[in-house]
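Enquirer: Annotations for this protein, taken from Swiss-Prot, read as follows:
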| type | residues | note |
| --- | --- | --- |
| DOMAIN | 121-315 | domain 'ATP-grasp' |
| BINDING | 148-199 | ATP binding site |
| BINDING | GLU268, GLU282 | Mg(2+) 1 binding site |
| BINDING | GLU282, ASN284 | Mg(2+) 2 binding site |
Amino acid sequence: MHKYQTHFVEHSVVKILSSTGKKHIALVAGGMSAEREVSLVSSAGVSKALIELGYKVTFVDMGADIAVKLQEINPDIVFNCLHGTYGEDGCLPGLLNIMRIPYTHSGLLSSALAFDKIHFRSCVLKNNINIADSIVVSKSDHINTDPMKRPYVIKPLKQGSSIGVEVIFEEDDFNFTDYDFPYGEDIIIEQYIQGQELQVALLNGKALGVLEIKLLKNRFYDYETKYNEGFAEHVCPAPLPANLYKKLLIESEKIYKTINCKGPVRAEFILEEQTNKLYVLEINTHPGMTPLSIVPEIAAYAGINFTNLIEEIIKMASFES
């Protein structure tokens, strides 16, 4: 049994958090993805900020009947606090476009492009931005040897929060024939790049700053490291030469514009040790809003506190015609 599982939930759970306010916000979180718990932690801080800002807030733990529940609630805006499938992959934005309800974060196509690692890679390469070499491997290929020279990274095609990500080093006792494809029939195998982990926060198309991740325990920036204290040190701003810092901001804004994102985004890069070459790893159109999350931390460095960050995200709410 794998630690992180999707699960079907028939009925949404609705809870009124604040019954009066200037606008009615439906805070949609939880859901049916493997990132359910992260979403719920993010929603706790977001709900508090929305109430402080004077909004009427209804919390919705998303189930399969989400469309019916939203019709009953009739919100002015949906705050999309879902992570992973059904929210971050474009499903909820697509539904809200049909229902003509304004929502936060990126739209259907932008979310889908960023969430699918193959399509994201294609977008990045067309814009001459460096990305690690990779191949797609299917379960039906029945590969019984390493599909790429070690070290390499195994990634599910469509997961976030580093769920399902494994790094295979030269010394590891790992046989690819034993890999059981827990998150779908296809995976992406990516060249592992040793270097400096760098994160960029963006808000409404503008890069706010760069943060460095220094690993303290685990070998890579995995789920455990992202969501537990004491596994990584955050250095903000990242200690980089001015020209390199500026390049990161420019590259991030270019990707944001290419994919046509909206609201908050987090971009992940690696600065390769040997060549000093920058590689983009991914962008996240639904970055975490937990106490350990990177976008709120960089925003604070840029002079935007958490409550104001949530207000800015709300201001950009819209649906696609």
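Keep in mind that glycine also has a Cβ here, set from the backbone N, Cα and C atoms.
If you look at the structure here, what lies around each of the features I listed?
Expert: Residues belonging to the domain 'ATP-grasp' (121-315) score a mean pLDDT of 89 in the model.
Long-range Cβ proximity for PHE176 (ATP binding site), meaning a same-chain Cβ under 8 A and a gap of 6 or more residues, is found for ILE143, ASN144, THR145, ASP146, PRO147.
DSSP assigns GLU268 (Mg(2+) 1 binding site) to a strand. Long-range Cβ contacts of GLU268 (Mg(2+) 1 binding site) within its own chain (separation 6+, distance under 8 Å): GLU197, LEU198, GLN199, VAL280, LEU281, GLU282, ILE283, ASN284.
The Cβ of ASN284 (Mg(2+) 2 binding site) has 20 other Cβ atoms within 10 Å, all protein chains considered.
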Enquirer: Give the number of CB atoms, excluding that of LYS155 (ATP binding site) itself, located within 10 Å of its CB.
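Expert: 22, counting other Cβ atoms within 10 Å of LYS155 (ATP binding site).
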